[in-house]
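A.B. asks: According to Swiss-Prot:
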TRANSMEM  33-53  transmembrane segment
TRANSMEM  77-98  transmembrane segment
BINDING   HIS83, HIS182  heme b b562 binding site
BINDING   HIS97, HIS196  heme b b566 binding site
TRANSMEM  113-133  transmembrane segment
TRANSMEM  178-198  transmembrane segment
BINDING   HIS201  ubiquinone binding site
TRANSMEM  226-246  transmembrane segment
TRANSMEM  288-308  transmembrane segment
TRANSMEM  320-340  transmembrane segment
TRANSMEM  347-367  transmembrane segment
Amino acid sequence: MTIMRKSHPLMKIVNHAFVDLPTPPNISGWWNFGSLLGLCLILQILTGLFLAMHYTSDTLTAFASVTHICREVNYGWLIRYMHANGASLFFICLYIHIGRGIYYGSYLYKETWNIGILLLFMTMATAFVGYVLPWGQMSFWGATVITNLLSAIPYIGQDLVEWIWGGFSVDKATLTRFFAFHFILPFIITALVLVHLLFLHETGSNNPLGIPSDCGKVPFHPYYTTKDFLGVILLIMLFMTLVLFFPDKLGDPDNYTPANPLNTPPHIKPEWYFLFAYAILRSIPNKLGGVIALVSSIMVLALLPYLHTSKQRSLSFRPLSQTLFWMLISDLIILTWIGGQPVESPYIIIGQVASILYFSIILIFMPIAGLVENKMLKW
C-alpha cells in the first residue's frame, strides 16, 4: 500500500512541495530566508488577527484603542510589539532574499522573479496602510504626504487622491478603508506566495554555483527541514530580543502623539524599511519625476533578467561583479541613512549622488562588468 502522503490528493501537493521536493545538495544558509519569510507572514497574520479584534478604525478612537490594547488586553502589549517589529523582521528577510536572488542569478527564473517583485509591491502597500492605523502624528502625516504623491499623475492625479482619501483630506473614510486594505492584503500575498512556489517548483531551486544540479539532488526532508529549523530558531531568538528588550527601537517617537492635522512634525519620514526609496523620491526636485524614480527603484529589478550579459549565472566566480554588488548594498545603506535626514546640505547632494549610483550600477555597470568578465575568460 502506498504511503498516504503520496496518494492522498491534498497531502500529495504538500508532499511534493515540502517533503519529497528534489533540492540541490549545496544550497547555503542564504536559501533559508524563503521559509523564514513564510514564518514571518504567518506570524503577521496571526498577531494582526488578534489586534483586529480590539482595534477600532475610527479617527476618534483609533489611537485610544491601540493604547487600550497595550494597557488592558491580556498580553496586548506583546501582540502589538510582535506585529510592529514583525514588519521590520519581514522586510529584513525580504531584502536579504532579494539580495541573494541578485547575487546568485536566481532572477533568470523570470516567472518566479516577477511574482516576487509583485509580492514586494504588495508587502510595501500592506506595510504602508498598516502604519497609518495607530493614528499617531507620523501615521497621519505619512499618509497625507505619500498619498499626495499620486496627485503628480497627469490629468487624473487629483481625482485619484480624493478618491483614495474618500474626501478632501485624510480623515475617517481614509482610515476605515486603509484598515480594510490592511486586513485583506496579507491573504492576497499568501495566494501570491503559493503561485511564487508553484513557479519555483516548475524549475527547481538555483544553487550557489549557478549550474544545473539535477544529477545530485536530495529530498527536501529531512535535510533542509532541519537546516531551515535552525534558521527559524535563530530568527525567533533575534525577534524576541528585539520585541522584549528594544520594542520601540525601530519606531518613531512622534507616533506616540495622537494625530493632529493642525500640527506638522518637523521631519516627516516613513518606517526605516522605506527610507531608501524615500531618499530616491526626495533626490529629484520635481513631484512627477520623484514619483517615477520611486516606482523605478523597485521596477528596475524586473529588468535584471534582460541585463544579464555574463556567461555565468552566479557571482560566485566573478570578482568584478561581486565588487559592484557590494557597492550596491553599501549604496542602499547610504540611501536608507539619507532618507531619515532633513532636506538640507550636505544630505541633498549625497542623496542625489547615491540615487544616480543606484541606477547606474544596476543598468550600466553590472551589464558591462559581465561582458568584461566574459572577455577576460575568453568566452
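The chain as shown is numbered from 1 upward.
Cβ from N, Cα, C; glycine included.
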A.B. asks: Counting Cβ pairs under 8 Å to the transmembrane segment (320-340), which of 77-98, 113-133, 288-308, 347-367 comes out on top?
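C.D. replies: Checked against 77-98, 113-133, 288-308, 347-367; highest Cβ contact count belongs to 347-367.
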A.B. asks: For the transmembrane segment (113-133) against the transmembrane segment (226-246), do we get 3 or more Cβ-Cβ pairs below 8 Å once near-sequence pairs (under 6 apart) are dropped?
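C.D. replies: In this chain the transmembrane segment (113-133) does not contact the transmembrane segment (226-246) - fewer than 3 Cβ pairs sit under 8 Å.
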A.B. asks: Please indicate, using numbers and ranges, the residues of the same chain that are 6 or more beyond the transmembrane segment (178-198) and have a C-beta under 8 Å from a C-beta there.
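C.D. replies: Residues packing against the transmembrane segment (178-198) from afar: 17, 38, 41, 44-45, 48, 52, 55, 57, 112, 115-116, 118-119, 122-123, 125-126, 129-130, 132-133, 143.
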A.B. asks: At a C-beta cut-off of under 8 Å, are there same-chain residues at least 6 beyond the transmembrane segment (226-246) that contact it? List them, or none.
C.D. replies: 29, 32-33, 35-36, 39, 78, 81-82, 85-86, 88-89, 93
A.B. asks: Would you mind listing the long-range same-chain contacts of the transmembrane segment (288-308), meaning Cβ under 8 Å and 6+ residues beyond its ends?
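C.D. replies: Contacts with the transmembrane segment (288-308): 98, 102, 105, 107-108, 110, 113-114, 117, 120-121, 124, 149-150, 152-154, 276-278, 280-282, 355, 358-359, 362-363, 366-367, 370.
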A.B. asks: When the Cα of HIS83 (heme b b562 binding site) is compared with the Cα of each of the binding-site residues HIS97, HIS196, HIS201, which one is closest?
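C.D. replies: If we rank HIS97, HIS196, HIS201 by Cα distance to HIS83 (heme b b562 binding site), first place goes to HIS97.
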A.B. asks: Can you count the other CB atoms that lie within 10 A of the CB of HIS83 (heme b b562 binding site)?
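C.D. replies: Result for HIS83 (heme b b562 binding site): 21 other Cβ atoms within 10 Å.
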A.B. asks: Per 10 Å Cβ neighbour count, which of the binding-site residues HIS97, HIS201 ranks highest?
C.D. replies: HIS97
A.B. asks: Distance between HIS196 (heme b b566 binding site) and HIS182 (heme b b562 binding site) at the Cα atoms, whole Å?
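C.D. replies: HIS182 (heme b b562 binding site) has its Cα 21 Å from the Cα of HIS196 (heme b b566 binding site).
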A.B. asks: As a test of the contact definition, list every same-chain residue at least 6 positions from HIS182 (heme b b562 binding site) whose Cβ is closer than 8 Å to its Cβ.
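C.D. replies: The list for HIS182 (heme b b562 binding site) reads GLY48, THR126, VAL129, GLY130, LEU133, given in order along the sequence.
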A.B. asks: Could you state the whole-number distance in Å separating the C-alpha atoms of HIS97 (heme b b566 binding site) and HIS201 (ubiquinone binding site)?
C.D. replies: 17
